[in-house]
Amino acid sequence: MKILFATNNLHKLEEVQAIIGNQFDIQTLEEVGLYEDIPETGDTFEANAKQKSDYLVDKLNMDCFADDSGLEIDALHGEPGVYSARYSGSRDMEKNIELVLQKMEGITDRSARFRTVISLQLDAQNYFFEGAIEGTIINSKVGTKGFGYDPIFIPNGYDKTFAEMSADEKNSISHRAIAVKKLAEFLSETKKS
Ligand code: ITT
């Protein structure tokens, strides 16, 4: 089965492809010739994920799924949250991380989570799949792997950041892996019936 992943984020694409393996054939926006920003103006991950998948269905009339995700920090009342990609006003992750670390200076409650919501549009129906992983925000960046806020996030039960983990290790526990496995299970079941 072929299914389009509505993302311009190549790190997400790589992770989802690795998690899904050869169960499904993930089609990319490049493969369908769509080179444009997909609007996301909602104030929840769910609304944004749906907006992205709806946009693609309207545009291409193809079944697809979208991932909206981000980092929620308790002491910052859930920020950066849906603003994760542009927290400092731009997509520059150096600046976004710097702003988070600056806001977290002197704060002892370091608890946070990564959250992913996937919106699937299949046969004109909409389905959601969610994943979250709890952890803590450290004081400075550690590690060079992964992407986004990975260098400042240590998942609970581990002593290293996502950015110090191999792709396989991150993909075995991440918020995205939890959501994508639910999506894959649903697609397998739906395909059978
Ligand atoms: P698309 O909308 O095209 O999928 P995007 O990067 O704009 O790509 P989001 O709006 O969902 O995606 O923004 C999510 C941001 O949250 C992302 O740019 C990262 O900064 C951060 N993020 C999401 N998942 C992450 C992960 O697994 N590790 C680290 N940071 C992550």
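Glycine too: its Cβ is placed from the backbone N, Cα and C atoms.
Annotations in TrEMBL come from automatic prediction, not curation.
Keep in mind that this is a model prediction, so the values were computed, not measured.
Record check, TrEMBL: substrate site residues include Thr7, Asn8, Asn9, Leu10, His11, Lys12, Phe147, Gly148, Tyr149, Asp150, Lys170, His175, Arg176, and the candidate from Ser53, Ser69, Ser90 also listed there is Ser69. Once the Cα atoms of Thr7, Asn8, Asn9, Leu10, His11, Lys12, Ser69, Phe147, Gly148, Tyr149, Asp150, Lys170, His175, Arg176, the listed binders of substrate, are compared pairwise, the greatest separation found is 20 Å. Within its own chain, Ser69 (substrate binding site) has Lys12, Phe45, Ser84, Phe114, Arg115, Thr116, Val117, His175, Arg176 as residues 6 or more apart in sequence whose C-beta sits under 8 angstroms from its own.
Candidate recorded positions: Asn9, His11, Asp68. Those with a Cβ under 6 Å from ligand 1, in sequence order, are Asn9, Asp68. The candidate set comprises the binding-site residues His11, His175. Of these, His175 has the most other Cβ atoms within 10 Å. In this structure the C-alpha atoms belonging to Asp150 (substrate binding site) and Asp68 (active site, proton acceptor) are separated by 16 Å. Note: the Cα of Asn9 (substrate binding site) and the Cα of Asp68 (active site, proton acceptor) are spaced 11 Å from each other.
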